[in-house]
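Lifted from TrEMBL, the feature list:
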{"type": "ACT_SITE", "residues": "Asp358", "note": "active site"}
{"type": "BINDING", "residues": "Asp211, Asp378", "note": "Mn(2+) binding site"}
{"type": "BINDING", "residues": "Thr291, Leu292, Trp293, Leu294, Glu363, Asp378", "note": "ATP binding site"}
{"type": "DOMAIN", "residues": "259-467", "note": "domain 'FAM20 C-terminal'"}
{"type": "SIGNAL", "residues": "1-20", "note": "signal peptide"}
Amino acid sequence: MKLKQRVVLLCAVLFLLGLAKVFLLDGGEGSAASRRDLRAFRKMEANLALAKGARLTHTLQSPWEVAAQWVGPREVYPDETPELAAVLNALATARVERADVGYKGTQLKALLVLDGGQKVVFKPKRRCVFHCESETTLFGLPKEDDIRFVKTGADPCWSLRKYINFTLWIAESAFTVDEAASNPGSSHVVAARPRYTRDYVVEGEPYAGYDRHNAEIAAFHLDRILGFRRAPLVVGRFMNLRTEIKPVATDQLLSTFLMHGNNTCFYGKCYYCRETEPACAEGDVMEGSVTLWLPDVWPLQKHRHPWGRTYREGKLARWEYDESYCEAVKKMPPYDAGPRLLDVIDTAIFDYLIGNADRHHYESFQDDGGASMLILLDNAKSFGNPALDERSILAPLYQCCMVRVSTWNRLNLLKGGVLSSVMRQATAHDPAFPVLTGPHLAALDRRLNGVLATVRQCMETQGADNTLIEDRMNLPHP
């Protein structure tokens with residue numbers, strides 16, 4: 001009897017050991033990965049809030065030297081950056097030594113050199129400007145400087161009629177533009193500019209409109225929140241064009257300055273830059289974003305995005321009609337090996353969350369053999385329309401049906417309103433706060449749900465093992 005009990009007990013122990021082995025083989029690594037990702041998430045949360053006015057106190061290095069040492073093949077800054085607040089503060093306050101037109105591109109920007117020789121890119125807040133071209137009268141009033149309408153928002157601009165009605169409403173006028181036109185002696189248009197607001201909605205194509213400086217700021221902090229660490233540092237800044245920029249500007253940049261009423265403006269040099277579409281300050285002070293230039297020892301290489309758009313009406317890119325397109329991409333270098341394809345999919349998720357449908361090219365570091373990260377540069381065509389969820393941005397994800405385990409874990413930790421909450425916290429220190437409006441913050445949470453649903457659909461059709469890819473490639477700094 002005792003022998004039989006011992007045999008039964010031994011069989012039970014062996015059975016339990018077998019179950020444990022199966023669990024460890026099938027779920028152990030996933031569980032370990034989840035715990036690792038949870039610790040990383042908690043660390044991010046703890047370091048999210050940044051102190052205003054922070055300065056470096058524990059090192060003789062400049063903020064620029066500190067930031068340059070952070071850069072590696074797979075990250076622009078590490079997960080632990082106690083000096084980040086001080087570096088961002090330096091970007092927002094350091095004296096401008098030199099100002100020039102921006103590097104090549106389609107949108108207005110200025111290339112600045114800050115105290116200590118650090119290059120940065122300044123992207124201005126944009127507003128539409130209308131000039132009264134009539135030499136006779138407007139509602140019975142002569143053409144003068146005060147009959148000038150500075151319109152809010154970005155391209156496409158408001159109609160003149162819509163703006164005049166807005167200014168009449170601000171002035172608490174009982175008249176509309178039609179009524180004022182028929183009764184020119186009974187009403188007037190106030191010579192006042194409406195306050196700039198983040199509420200402007202960019203209509204049209206998902207890549208329409210001017211670059212949006214606040215989008216660059218928000219995108220950088222989303223990069224922090226997602227744990228990608230592939231976006232250059234960005235901060236908001238209020239720049240006095242008369243005292244900070246014009247005295248140190250090159251002749252090429254200076255030649256693009258002009259005045260609109262009492263507002264200092266410039267239009268720079270770029271593909272779409274026009275004298276008729278300048279960026280204008282409020283008086284002399286212009287709000288904008290400042291992006292830290294990556295160190296010259298890390299030269300960039302430009303690549304055409306495999307899921308880029310044609311930007312031609314009636315002409316579709318192959319990925320827009322070929323659902324098996326990803327299989328072709330997987331056979332092309334650098335997507336046939338290494339982390340690049342997973343980087344593209346991470347970037348698609350990032351771009352979908354911010355509403356950026358304009359990533360036609362991307363940059364990596366040169367001579368990387370495909371191992372370098374996809375660097376998240378030029379995110380200013382984002383946060384244009386909070387009501388538009390452009391699903392085509394997610395094409396790399398739903399066509400390839402694969403995503404990093406670490407990305408999947410991080411996204412799940414951000415659901416349920418956490419993403420919008422931590423975005424508010426991350427940007428609270430910024431001089432341009434509030435960086436995003438409530439509708440844009442709500443859009444982040446809504447779009448996150450769309451990403452999670454897309455990944456779940458992939459797991460249902462081809463299994464979790466084929467969808468969730470373990471890729472924790474960390475290359476040492478040189």
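Cβ coordinates are placed from backbone N, Cα and C, and glycine is handled just like the others.
Close to the recorded ATP site, the chain also has Val121, Pro232, Ile375, Leu377: residues not among Thr291, Leu292, Trp293, Leu294, Glu363, Asp378 whose Cβ is within 8 Å of the site's Cβ mean position. Nearest by CA distance to Asp211 (Mn(2+) binding site), out of the recorded positions Thr291, Leu292, Trp293, Asp358, Glu363, is Asp358. Cα proximity to Asp378 (Mn(2+) binding site) (within 10 Å) is found for the following recorded positions from Leu292, Trp293, Leu294, Asp358: Asp358. With a 10 A radius on its CB, Asp211 (Mn(2+) binding site) counts 26 other CB atoms from all the protein chains. In this entry, ATP is bound by Thr291, Leu292, Trp293, Leu294, Glu363, Asp378, whose most widely separated C-alpha atoms sit 16 angstrom apart. Across the structure, Asp358 (active site) and Leu292 (ATP binding site) place their CA atoms 21 angstrom apart.
Listed recorded positions: Asp358, Glu363, Asp378. The one with the lowest count of other Cβ atoms within 10 Å of its Cβ is Glu363.
Residue density at Leu292 (ATP binding site): 25 other Cβ atoms are found within 10 A of its Cβ, drawing on all protein chains shown. Summarising the environment of Leu294 (ATP binding site), the number of other Cβ atoms within 10 Å of its Cβ, over all protein chains shown, is 20. Set side by side, the binding-site residues Thr291, Trp293 differ in how many other CB atoms lie within 10 angstroms of their CB, and the most is found at Thr291.
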